[in-house]
Amino acid sequence: MSGSASELVRWDAARLSEALRAGEVSAEEVTRAHLDRIDAVDGPTSGAGETGVHAFLHVDHEGALARARQIDADRAAGAELGPLAGVPIGVKDVLTTKGLPTTAGSRMLQGWVPPYDATVVRELHAAGLVVLGKTNMDEFAMGSTTEHSAYGVTRNPWDPTRIPGGSGGGSAAALAAFEAPLTIGSDTGGSIRQPAAVTGTVGVKPTYGAVSRYGLIALASSLDQAGPCARTVLDTALLHAVIAGHDPYDSTSIPAAVPDVVGAARLGATGDLAGVRVGVVRELSGEGYEPGVLARFEESLTELRAAGAEVVELSLPNIVHALAAYYLILPSEASSNLAKFDGMRYGLRVVPEGEHVTAEAVMRATRAAGFGDEAKRRIILGTYALSAGYYDAYYGSAQKVRTLVQRDFDAAFGSVDVLVSPTAPTVAYRLGEKLDDPLAMYAGDVATIPANLAGIPGMSLPCGLSEGLPVGLQVLAPQQADDRLYRVGAALEARLNDKWGGPLLAQVPTWQGASA
């Protein structure tokens, strides 16, 4: 074994992969190190008490170790294995996993164990990755803080009194706490990118349709997209290459070749962006953004120019209406998708007392007990927006705005290769700070939502600290040009790492139970 357990959990996936292929370390050793790390820092039983990260909802100790031993045996037998074989990974609890609980962070699916794997999970198994368990999330991906999970909040490893972002805060926090080198998230309006921003990690929302949604529990079907999360741009690219591709089980899947995202990341790591035109979105870098966030963003623009990129400012005039349109489209689609959860076939079932209990009574009792406040709020909003007499005024109008936003992006990409902005207007705020002000919470996704409306790919990567907390920079590219994200992201990462003297996450403070 070439590294101690405390060292192994800090290795990135690319380094782990090289060590595994060279026989310097076994998959079982790597997996056990990460399971021990989870046991040490993740929950009340870890010794970390109430300040545990709580990134995971379910940890599959036995299954992960058995899988790792099988990978080691296959490697010893000379079997041909994928580049990430033996590398551990966490999966957001919105993707179905055969034999493992899948709750989507809701009581409504409490105790449900799916009989099948999502296509993304199937691809992970085929590539030889070791699934450690399922990560925490806001209920049915409705939230920006992971405070709306029915199974407890997740804490930000940079400061356990602060949010890790959402809805996929568990996937991001697991990376920042060195509980896993890779995770899978899903992004409906920023649920991969916003948590990445506030935890100092990297997250990518691929082009809509580039990664299969089969087995992804739907929130808003025209917006949802699974994607890769990691601590480095290259690791994110390696995972992206595993999960992307056409899937006949998903009618929205794109039947097109996957861009060479790994090659783009390696090219970008040279730090050379000569000939690349970068657009700064005027509407996403001004009013409403914290001064520290804007300062780190401006410093990043300086680094992009130093790398040889041409940086120009441009306007997307209709993007200011994206947030309002999104919060009509999303609850409308969610109210339809969540109608299937009624306590009849799977998950929670609440039977009222009485001799003659009807199916309707069971549905009412189950949904009242099973859905949390935020889910109920959005179901009611969506049902209203779709109701007779209001459909055209609300949902129909929102879809027209969506088209205008898409056209703005099309026009912008006619003159630049990528667009950049801060990922989030603030750094991570205190747990509970915005629970009673949902509109303020929703505004945290103002920069990420437009990409979902347009179906374009987006990346968040760390660009510095403000008040000791991570700041994220967002890179956007045209549809099916996901490779551009990785070239620009890797170039900026390389320059910033040189400036900082190492990755930003090397500066994450230690706290109770979380030293590595």
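Placement of Cβ uses the backbone N, Cα and C atoms for every residue, glycine included.
Here Swiss-Prot flags K92, S167 as active site, charge relay system. Summarising the annotation, Swiss-Prot assigns active site, acyl-ester intermediate to S191 and lists sequence analysis as the type of evidence.
Residue density at K92 (active site, charge relay system): 33 other Cβ atoms are found within 10 A of its Cβ, drawing on all protein chains shown. For S191 (active site, acyl-ester intermediate), the same-chain residues lying six or more positions away in sequence with a CB closer than 8 A to its CB are M137, D138, A141, S144, G166, S167, G168, G185. A simple way to gauge crowding: the CB of S167 (active site, charge relay system) has 35 other CB atoms within 10 angstroms, across all the protein chains here. Secondary structure at K92 (active site, charge relay system), taken from DSSP and collapsed to helix, strand or coil, is strand.
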